[in-house]
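Residues or ranges marked as region 'Disordered' by TrEMBL: 1-20. Residues or ranges marked as transmembrane segment in TrEMBL: 27-50, 70-88, 100-118, 130-149, 161-180, 186-203, 263-290, 302-322, 329-350, 362-386, 398-418, 430-448. TrEMBL lists 34-452 with the feature domain 'Major facilitator superfamily (MFS) profile'.
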Amino acid sequence: MDRERIEEGFTTTDPLLSNHEDTPAPATAAVVFSTLVAVSGSFVFGSAVGFSSPAQTGIIEELGLSVAEYSVFGSIWTIGAMIGAVMSGKLADLFARRGAMGFSEMFCLVGWLAITFGRNALWLDIGRLLMGYGVGVISYVVPVYIAEITPKNLRGAFTTVNQLMICCGVSLMYVIGVIINWRLLALIGTIPCIIHLLGLFFIPESPRWLAKAGQWKECEASLQRLRGKDANISEEAAEIKDYTETLQKLSEAKMIDLFQKKYAHSLIVGVGLMVLQQFGGVNAIAYYASSIFESAGFSGRIGSIAMVIVQIPMQVLGVLLMDKSGRHPLLLVSAAGTCLGCFLVGLSFLLQDLQLWKSSPFLALVGILVFTGSFSLGMGGIPWVIMSEIFPINVKGLAGSIVTVVNWFGSWIVSYSFNFLMLWSSEGTFFIFSAVCGLTVMFVAKLVPETKGRTLEEIQLSMNSFT
């Protein structure tokens, strides 16, 4: 294959990859339903994130746990998630996308049941660890599956529904957890697991995975089902086949292959966005929202409900804007907003320490709401969208595992160290988060490509050149 043609990303005169017509593909019932089933897993993810905050008081009182023991319960799931993330790419390649989602949900279901009926800290920790493993796999497979089944003009918005459902899961746990017992809350967590498992029997496999597996007839049948029975899929099918056959001429990817120069840009963007997302403080705020508000002198319950009110509309706005404004502008605005939000929270703590302003708790509330809204707009979902778009399918499993592991490892570091950082300096902690968010703005401006309106093959070929 002509190297110059590859480096241009097939964006000039290639009839296969120019897609012949730029007529937007419709959102068929099959694509919508398949996406909704897939993001049931994202709701499980969000439920697991949101469980620990409202359940904290009840678990500590009923089981007599120390704060240290509860901290283990709260953070051990990130260890499970890292293990799941290491295996996620391989599982998705081996068992296909649907199989990997079903496999992961079994762990989540057993984990929720272990927490529901557990009588001591050990059972709760085992349940949380199992749930973390399942979520670690889900966090990779769901956005990849959605990206591979949706047409290019809808891919960004549909993939971002992944983050919207995570947000909904967190919010539901925050709201319901205020009213009901923690065991009943854990039992409710099993419902989306069951919905996801049952729904997987009724959705098609990813046509790109089927193509990679050499199942061409099944690939075309899946694509036809997704695009509609009367749709002309010949060009899209030919594009997938042409690209997949090119990749199959290469030897099977190994871990060392990811560090070749041709994949450097993709790897830097994928890993960099995950590192900056986590070290910007999102999980510190998600896991410890109530205690942050209380430390700032504000009601933890009111603050948490206010976060929910802001999160979901901003996430919906991000979904609506994703394929209109593009990934790049949304990321820039989102990162700048998180930078401002963390700065305001840090300033609130500083004014409180210096006793210069009696209304500083309200500044903390404003700061966290600005952070939450801005994060929901872009930084929450877009890194996962871009991760699902930029890696060629021959290295997507390995690369996706690395990126997902980095995300969970960052989550563990931040969630584990946050309380210690707050003891060191509350304002200093949030000023550090603000500085990281400021770095994110520069990183996005310089390195992150715009992927709106381009097929996966066009994106990957423009970022990675073959020898």
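In case you wondered, yes, glycine gets a Cβ from its N, Cα and C as well.
Unlike curated records, TrEMBL annotations are generated automatically.
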Sort out for me which stretch, of 161-180, 302-322, 329-350, 362-386, 398-418, has the most Cβ pairs below 8 angstroms to the transmembrane segment (130-149).
398-418
Going along the chain, which residues at least six beyond the ends of the transmembrane segment (100-118) come within the CB cut-off of under 8 Å?
38, 41, 44, 48, 84, 88, 91-92, 94, 124, 126-138, 141-142, 145, 183, 186-187, 189-190, 193-194, 196-197, 200
Cβ pairs under 8 Å between the transmembrane segment (398-418) and the transmembrane segment (329-350), at least three:
no
Return the average pLDDT for the domain 'Major facilitator superfamily (MFS) profile' (34-452) as a whole number.
88
